[in-house]
Amino acid sequence: MTRPQAAAEDARNAMVAGLLASGISVNGLQPSHNPQVAAQMFTTATRLDPKMCDAWLARLLAGDQSIEVLAGAWAAVRTFGWETRRLGVTDLQFRPEVSDGLFLRLAITSVDSLACAYAAVLAEAKRYQEAAELLDATDPRHPFDAELVSYVRGVLYFRTKRWPDVLAQFPEATQWRHPELKAAGAAMATTALASLGVFEEAFRRAQEAIEGDRVPGAANIALYTQGMCLRHVGREEEAVELLRRVYSRDAKFTPAREALDNPNFRLILTDPETIEARTDPWDPDSAPTRAQTEAARHAEMAAKYLAEGDAELNAMLGMEQAKKEIKLIKSTTKVNLARAKMGLPVPVTSRHTLLLGPPGTGKTSVARAFTKQLCGLTVLRKPLVVETSRTKLLGRYMADAEKNTEEMLEGALGGAVFFDEMHTLHEKGYSQGDPYGNAIINTLLLYMENHRDELVVFGAGYAKAMEKMLEVNQGLRRRFSTVIEFFSYTPQELIALTQLMGRENEDVITEEESQVLLPSYTKFYMEQSYSEDGDLIRGIDLLGNAGFVRNVVEKARDHRSFRLDDEDLDAVLASDLTEFSEDQLRRFKELTREDLAEGLRAAVAEKKTK
């Protein structure tokens with residue numbers, strides 16, 4: 001007999017001796033119960049024949065669950081079950097188990113379950129990548145082993161706090177063959193949901209782990225998480241009751257004790273984006289903090305808003321004074337941000353702005369573009385512009401006006417408010433002042449002052465009317481640091497605006513064709529009257545300036561559609577053509593003198609009927 005053969009034979013004898021000392025009968029021999037001898041014999045067997053997988057598994061059976069033993073068993077996996085089958089030892093007699101380090105002991109009954117047990121121990125040893133690769137290489141044939149692979153992969157994700165992956169491993173609808181795996185998986189899914197801030201769903205899912213108390217450790221985790229969910233939603237008394245229950249079940253459950261000792265103790269919340277941003281997928285500390293993630297996201301959105309605001313402002317026709325004022329405020333804001341970054345003092349300034357001029361001259365558009373710029377400069381949190389007016393805020397009683405104003409302003413915090421026709425806030429005709437207007441103004445004043453770092457108020461209206469309204473409350477006048485004037489569009493600007501609005505939908509309005517509108521545009525511009533407050537009101541103001549021009553273009557398109565509704569149109573619709581000649585396209589793009597003249601007539605007629 002060669003030396004290797006002798007060593008293998010000695011290893012088998014040691015294996016038999018170890019099994020007998022473990023209380024397992026072999027070949028009819030009477031077993032004993034001597035764990036120390038069993039462990040020594042199994043160790044001897046693996047030393048003599050490292051390729052005997054069952055000897056390594058026997059060491060697990062004897063209580064040596066070190067990672068080295070599992071590594072040895074996996075290295076010898078080709079001989080899995082050979083020795084026990086040779087000796088006639090059944091699976092019921094020889095059933096090594098390994099703790100997953102969290103909830104369960106995993107029985108090793110197959111090559112795939114050995115891989116799972118080894119992966120669980122690797123994960124406990126923080127050798128996450130090795131565990132993941134081992135699980136990825138496992139292709140279980142038996143449904144029970146397939147469940148075990150899913151479970152251990154869930155354990156790996158749970159240990160590394162990859163919460164979306166935990167939820168993917170333990171979907172609620174899955175029917176588990178092993179109820180213990182289901183309970184432990186539910187506990188991990190509960191923690192995942194709570195850590196992602198889905199508290200109500202986490203609280204509900206926890207019941208799967210708690211009911212029946214199949215896995216006490218899983219039930220403890222689920223109860224603890226329920227308690228923390230209650231704390232996060234402000235139900236502290238109920239939270240403490242659950243935490244005490246956990247502590248009474250397991251006094252060694254440290255998180256419950258910490259949560260009871262410290263009412264400010266909370267779960268660490270995260271989100272899928274932060275988890276995916278990790279530089280090491282297995283290390284939660286390699287991810288940017290939630291604050292850093294939010295800052296990066298905000299910076300990206302800020303750049304977008306700034307670019308959009310600049311583009312919208314630059315695309316507006318005319319309004320050079322308004323553009324200059326906005327650019328000045330933007331420059332001042334940027335300088336103040338730089339001063340703050342350098343540690344220099346920065347005066348607290350408001351950006352509340354009066355936009356004075358007739359309707360339809362771009363006041364709302366400027367307010368929206370400016371708000372986006374302020375978002376881009378991180379002065380405001382959101383590009384929201386809440387449009388309101390006296391009519392929208394009034395209620396049946398004076399208290400309604402105050403309440404409606406407060407609710408509107410609360411919703412606008414972080415963004416802006418656009419008060420249309422702000423000069424109507426305070427109306428004449430009341431013997432002791434306008435109580436409704438005063439209620440709105442007083443509430444507005446509080447927010448303009450106390451929230452000037454997170455709210456911008458735009459007041460729009462005619463100049464002289466606004467001046468008289470502001471005389472009622474000098475405090476309101478002082479809150480507006482910027483005044484921008486808007487003017488009626490001149491005839492040539494109205495022509496340019498007509499062409500610009502046509503281009504928005506790839507319509508063609510030539511300079512020559514558009515001249516049909518010039519006499520009327522000039523007439524509307526030259527018509528003048530004065531309001532009761534002394535504001536100059538031109539005919540084009542009464543029509544609506546840009547709003548009127550848009551209506552002219554829309555009515556002109558309607559006339560073109562009627563003009564084109566002929567046999568040629570029917571032929572185009574009936575054909576299978578997908579490409580058309582320039583001549584064909586021109587018919588559907590150009591607005592003729594007749595179209596524009598009819599559009600003007602229809603727009604004026606519509607205005608007169610309103």
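The chain as shown is numbered from 1 upward.
Using the three backbone atoms N, Cα and C, a Cβ is placed for every residue, glycine included.
Keep in mind that this is a model prediction, so the values were computed, not measured.
Database features (Swiss-Prot):
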MOD_RES   Thr2  N-acetylthreonine
BINDING   Gly357, Pro358, Pro359, Gly360, Thr361, Gly362, Lys363, Thr364  ATP binding site
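Here the features listed in Swiss-Prot are placed on the structure.
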{"residue": "Gly357", "record": "ATP binding site", "Cβ within 10 Å": "22"}
{"residue": "Pro358", "record": "ATP binding site", "Cβ within 10 Å": "22"}
{"residue": "Pro359", "record": "ATP binding site", "Cβ within 10 Å": "21"}
{"residue": "Gly360", "record": "ATP binding site", "Cβ within 10 Å": "22"}
{"residue": "Thr361", "record": "ATP binding site", "Cβ within 10 Å": "27"}
{"residue": "Gly362", "record": "ATP binding site", "Cβ within 10 Å": "21"}
{"residue": "Lys363", "record": "ATP binding site", "Cβ within 10 Å": "25"}
{"residue": "Thr364", "record": "ATP binding site", "Cβ within 10 Å": "17"}
Cβ-centroid neighbours of ATP site Gly357, Pro358, Pro359, Gly360, Thr361, Gly362, Lys363, Thr364, 8 Å, sequence order: Leu355, Ala460, Phe486, Asn545, Ala546
